[in-house]
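Engineer: The Mg(2+) binding site annotation in TrEMBL covers Asp29, Asp31, Asp247. The feature active site, nucleophile is assigned by TrEMBL to Asp29. The active site, proton donor annotation in TrEMBL covers Asp31. Sequence annotations record features per position, and here TrEMBL assigns substrate binding site to Lys222.
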Amino acid sequence: MAASKCNVTRLTEALSRQLLDSVDSVLFDCDGVIWRGDQAIPGASEVINSLKKNGKRVFFVTNNSTKTRQMYADKLGKLGFDASADEVFGTAYCSAVYLKNVCKLDGKVYLIGSNAMRQELEDVGIRPVGVGPDPISGGQKDWANVPLDNEVRAVLVGFDEHFSYMKLNRALQYLCNPDCQFVGTNTDTRLPLEGGKAVPGTGCLLKAVETAAQRQAQVVGKPSSFMFECVASQFGLDPERCLMVGDRLDTDIMLGSNCGLKTLLTLTGVSTVAEAEANQKSECPQRQKMVPDYYIESIADILPALQA
């Protein structure tokens, strides 16, 4: 008879010390892990700063595409974290790197996204078009023959508060050209807010463009291994000596599983231990990738092990 599967392991102080001794680098998701909205998780800055004092390298890996690396570094600094822009890997930056280094883009990009994404693209020498509102006019024949920039060689979809029918249409017209590359920042469908509220995430916009274009985007953000490769290639990281800390099983923990990292789920954000245990009991290989090595109530609970 098969042995029954054990529960997900809670990280005790003793296990924390063992885990930290086994890694050189720690990658943190941001929202729901080190902060919620504009408030730091109590004790989070002390954990990050103590990790660095103990010789660990720390990186911040987020699917949020609405901020540049510098904007993130500024926010981290204001909340008491010792952090610099080159330690931040958001999808605005990583998608620019992807288009430049992987796609070898030679031309402009039609951007459904934010000013932060525009800035990161420009910083690597890529010219974006399309940021801001795109009001509709005329009828269906006009829409099907909307003027296009003939230098556009890729469509990039991130979070865009000005997303509209005309932007969806324009993306479709560009993507009718099979040589036009198609990249998305991430597939998160909902952005959770305080009090159980939520708003639609980038995944909703990306799915609309994929449906219209009848094409699948190359997705840069977690759980795509490219997010880790982006960090690893710049800093020479050994996956076996890295820990991924996150609050979402389907992005953070799956990224860790996809890349061979140790994984730690924190319960200050989206996912629960019950969900992790349900994944563990599942026969589905994809769900098995959404089981963390350890879980902890809050990353602040690591502090005693760091101070011991």
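Heads up, the Cβ atoms here are built off N, Cα and C, so glycines get one too.
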Engineer: Excluding Asp29, Asp31, Asp247, which residues of the same chain place their Cβ within 8 Å of the centroid of the Cβ atoms of the recorded Mg(2+) site?
Structural biologist: Cys30, Gly32, Val33, Ile34, Thr62, Gly246, Arg248, Asp252, Thr266, Gly269, Val270
Engineer: Distance between Asp29 (Mg(2+) binding site) and Lys222 (substrate binding site) at the Cα atoms, whole Å?
Structural biologist: 10
Engineer: Does anything in the same chain, at least 6 positions from Asp31 (Mg(2+) binding site), have a Cβ under 8 Å from its Cβ, and if so what?
Structural biologist: Gly37, Thr62, Asn64, Asp247, Gly269
